[in-house]
């Protein structure tokens with residue numbers, strides 16, 4: 001009987017000690033401060049994950065737009081494809097509007113790595129469409145001008161800037177110069193593929209236009225040198241490979257174009273491209 005009373009007393013003492021410790025922790029300024037830190041870190045992590053998911057959607061839809069644009073070399077009426085691609089890019093911009101909403105009031109550079117891949121892919125798709133329409137390179141200012149969104153306070157929905165409504169709030173997203181440069185560097189690979197498709201369809205003028213345009217882009221990146229982002233120097237090698245393949249195609253067309261039937265030009269160029277392909281892994 002005395003042993004039971006002793007055990008009960010020890011339990012009560014332990015419970016009382018735990019209550020005193022919990023009470024001390026709840027009133028401790030250190031514990032309260034760390035709880036605030038925990039909430040801030042959890043909020044930042046959740047926002048980072050949401051940005052990663054949105055960026056993944058932007059990347060997927062941008063790639064689909066690029067695949068669609070490659071069909072312009074094989075259809076009689078390219079305007080329908082260009083209009084469809086523009087609609088797809090409008091949907092991508094709405095996704096970027098969600099990124100702008102998530103970043104409202106935040107330091108963009110804290111979350112930059114979460115969405116930079118999607119933004120680069122969007123720049124690549126937008127610049128590819130712009131080149132097909134205008135045969136020129138889209139500027140950073142033109143890209144940012146399309147990334148202005150309207151968030152309605154009543155409907156809590158986003159729309160393009162040209163649909164502004166009274167009482168709405170304007171959201172903007174600014175593509176960084178580094179994301180723009182990296183997107184343009186990726187564009188060169190798509191232009192090289194466009195050159196292959198053009199040759200296959202008997203178009204012998206487009207490869208020479210692409211060669212001149214790629215040379216201008218290469219010269220522009222050469223001026224940057226080692227002062228630009230680290231990723232630019234890595235992609236510059238791929239840019240040079242794309243330029244070399246297009247120039248090789250132009251050489252074959254200029255020297256042997258009159259000897260080879262148009263339907264065989266693509267085979268000649270493909271064999272030359274395959275011969276250079278093992279160098280792709282060099283960095």
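Keep in mind that glycine also has a Cβ here, set from the backbone N, Cα and C atoms.
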Looking at the candidate ranges 1-27, 28-54, report the one that TrEMBL labels region 'Disordered'.
1-27
Determine the Cβ neighbour count for residue 124 (Mg(2+) binding site): the number of other Cβ atoms within 10 Å of its Cβ.
24
Mean of the pLDDT scores, which run from 0 to 100, over the coiled coil (75-102)
94
Tell me the Cβ contacts of residue 190 (Mg(2+) binding site) under 8 Å, same chain only and six or more apart in sequence, or just say none.
66, 69, 70, 124, 128
